[in-house]
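What follows is one structure encoded as structure tokens, with my remarks underneath.
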Amino acid sequence: MAKSNYVFTSESVAEGHPDKVCDRISDAVVDLFLTHDPYARVACETLATTNRVVIAGEVRGPKAALDQVETVARHAVKDIGYEQDGFHWEKFEFTCHLHQQSADIAMGVDAGTDKDEGAGDQGIMFGYACDETPALMPAPLFYSHSILKSLSEARHSGALSWLGPDAKSQVSLQYVDGRPVRATSVVVSTQHSESVPQEEIREAVRRHVLDVLPDGWMCPEDTFYVNPTGRFVIGGPDGDAGLTGRKIIVDTYGGAAPHGGGAFSGKDPTKVDRSAAYAARYLAKNVVAAGLARKCTIQLSYAIGVSYPLSVYIDTAGTGQVDEDKLSDVLRQLMNLSPRGIREHLKLNRPIYARTAAYGHFGREPDADGGFSWEKTDLVDALRRAF
């Protein structure tokens, strides 16, 4: 039986965290190629360090897109807000090592006269949803993201102009009878101008934390930590080197659900690491939104070049109102889980990925242009009818 009384912790990182800078650049490159060709192939990795950005990977798409990669990378860094001596969007040294996608990989993915499009690689992908928050996301991660988004908005608006782009948060929540009831600790480390006193930073952060957490949830003063080292002036890639794909738990469920191990950013939607994880979240969210379970975990698995999932696993953690085997069958009837079926159902061959690079790929509002389509709950009626 699952524990019902416990403390669970999740963390988030801001758009200016060095790894998130790299995720943003890599996804900006994906969007660039998909803008030129909706069926372009991209696997883009980014390294960022003091005044240097290096991009490497494999692509298949028009040369015109390749010629624009540096411009797109600089604009991504500018949008995040880096204009510091150690990392400035106009001044960093840029190196690009993108080359053509392997023909051996392409032949497994491409459709032919005798086969559908296959998966871009083997792997396992998980999706999860729960009823702890309106976004149907685990509460510790939801509030960790929300704190940093609130601070980022204040920085970009000028309300807290002395904040820097780099920041981290961590929220620990007390659960009673399986439901979150209050925060036991909150940690926020945020980059700042050298002239700002730590007490001013603490009070500004406190206001944003109080705005984000439900009433009465604030942790005790002695477990509210803001810049616990006492100083955070040097940050971003100047403070720590960043790499694409190193924040996969922040990107997903904050440790509250399993992870298949594959990162999302820098990958076009033929890569099932990304598209199948989005599909699994979409299905799990619709199950919970339909009231068929309070929690739902879905695992999908694929083989490179194979055009259908090898397995579909569902676990409602004892909260389900329906038979899980029947639920699995119904979900497979409602959504084609082939790599192409996922892309077509969620309309993933569009430049919608740079916006996913910070504050989570899940628990976001669907956008009018098709962004975050995997957050829609348009299967709810069909699921209810099926049961």
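Cβ from N, Cα, C; glycine included.
Bear in mind that the values here come from a model prediction, so they are computed numbers and not experimental data.
Taking Cβ-Cβ distances under 8 Å and a sequence separation of 6 or more, the neighbours of Lys267 (ATP binding site) in its chain are Val30, Val42, Ala43, Cys44, Asp273, Arg274. If you look up Swiss-Prot, you'll see His17, Asp166, Ala167, Lys168, Arg231, Phe232, Asp240, Arg246, Lys247, Ala263, Lys267 marked as ATP binding site, on the strength of sequence analysis.
Using a 10 Å radius centred on the Cβ of Asp19 (Mg(2+) binding site) and all shown protein chains, the other Cβ atoms total 23. Per Swiss-Prot, Mg(2+) binding site is recorded for Asp19, and the stated evidence type is sequence analysis.
If you take the C-beta of Glu45 (K(+) binding site) and look for same-chain residues 6 or more apart in sequence within under 8 angstroms, you find Cys22, Ser26, Ile55, Ala56, Gly57, Leu243, Thr244, Gly245, Gly266. Among the features that Swiss-Prot reports, K(+) binding site is placed at Glu45, with the record citing sequence analysis.
According to Swiss-Prot, the feature L-methionine binding site maps to Glu58, Gln101, Asp240, Lys271, an assignment based on sequence analysis. Taken residue by residue with DSSP, Asp240 (ATP binding site) is part of neither helix nor strand, so it is coil. Taking a C-beta cut-off of under 8 Å and a sequence gap of six or more, Asp240 (ATP binding site) has these contacts in its own chain: Pro18.
The region 'Flexible loop' annotation in Swiss-Prot covers 101-111 and rests on sequence analysis.
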Round to a whole number and give the Cα-to-Cα distance in Å for the pair Lys271 (L-methionine binding site) and Lys247 (ATP binding site).
-> 18
Can you see whether DSSP assigns Asp19 (Mg(2+) binding site) to helix, strand or coil?
-> helix
Quick tally, other C-beta within 10 angstroms, Arg231, Lys271; top of the binding-site residues is Lys271
Spatial neighbours of Gln101 (L-methionine binding site) among the binding-site residues His17, Asp19, Ala167, Arg231, Lys247 [C-alpha, 10 Å] = none
Could you state the CA-to-CA distance between Ala167 (ATP binding site) and Asp19 (Mg(2+) binding site) to the nearest Å?
-> 11
Please report how many Å separate the Cα atom of Asp19 (Mg(2+) binding site) from that of Lys247 (ATP binding site), as a whole number.
-> 7
Pairwise CA distance, Arg231 (ATP binding site) versus Glu58 (L-methionine binding site), rounded so that it is a whole Å = 40
